[in-house]
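*Asks:* Got a structure for you, questions after.
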Amino acid sequence: MEIPNEFKLLSSEVDWCEENYTVTPFIAEFWNTVSNAIFLIIPPILSIKYKNYGEVLKVPVGYVWSLLTIVGLGSIYFHSTLSLVGQLVDEIAILWVIMCAWALFLPTSMLPYPMKRQSFYYLMTILTVLFTIICFKNPELNHNALHFFAIPCVAIVIYASSITKSETIKKLNKISIFWFVLGFSSWLIDRNFCEYVSAFPYLHCFWHLFICIGAYLSIVSQSYFYAEIEHPETTPEIKFFPFENEESWRFVGVPYVKIHLSSKSKTI
């Protein structure tokens, strides 16, 4: 039985600067593949550290960290095969992370008036299904347009910085935007100016590292912003794993939101 064309190696029209099958005959883009390991490390840590957040605020926050892990797995599949199916899995997972973060952490004051939280969940689910279908219909359009979905995320981060009382969040937001800019710059150069950077064809590899850091910091910021606005009685606080008790190492670790109130918190 013949493998469908969409599953075949090199069936995607998208290719990157890194030469194919140079390190091993089993992986198309070796460094672009292994650089996704960061997605298999940080999101699982945050899934554990956010257990308190989800239980107290009744927010299924584990979904967004699981989806961010799936982004890494999808990217590993794509860059190891350069198949069209791999490309779709990679990019659709990114779309789902963005939509999930919006659905979970957008404060009520920023929802389309007069929409309630549950209705907003339904709207985001419908839009996610619709955009997913569009991705399957036109993979190349999705490949180039997907980055525009990140613009509202950056806008929310900037808005959160303007009204939050947490100086730590303000610093994390600046760091997040820095990594986003660095990541997107790496992606654009590798995608459009490969002939000029052929001596160093690994910018897409760095895109994976930079965008993972920027993305998880953005999600941490949005989750803090949601708790601060919607549940101020929980006195949310930014902690840094594994240096929770080491003030001087604060920004070296992995930040997460700790909720101090275990009862009497509001429900969505």
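Yeah, the Cβs are placed from backbone N, Cα and C, and that goes for glycine too.
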*Asks:* Can you find which of GLU6, GLU29 TrEMBL lists as binding Ca(2+) at the same site as ASP15, TRP16, GLU18, ASN20?
*Replies:* GLU29
*Asks:* Quick one: of the binding-site residues HIS79, HIS204, HIS208, which has its CA closest to the CA of GLU29 (Ca(2+) binding site)?
*Replies:* HIS79
*Asks:* Do the transmembrane segment (120-139) and the transmembrane segment (92-113) come close, with at least three CB pairs under 8 A (pairs 6 or more apart in sequence)?
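*Replies:* Yes, the transmembrane segment (120-139) and the transmembrane segment (92-113) are in contact.
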*Asks:* Please report the three-state DSSP label of HIS204 (Zn(2+) binding site).
*Replies:* helix
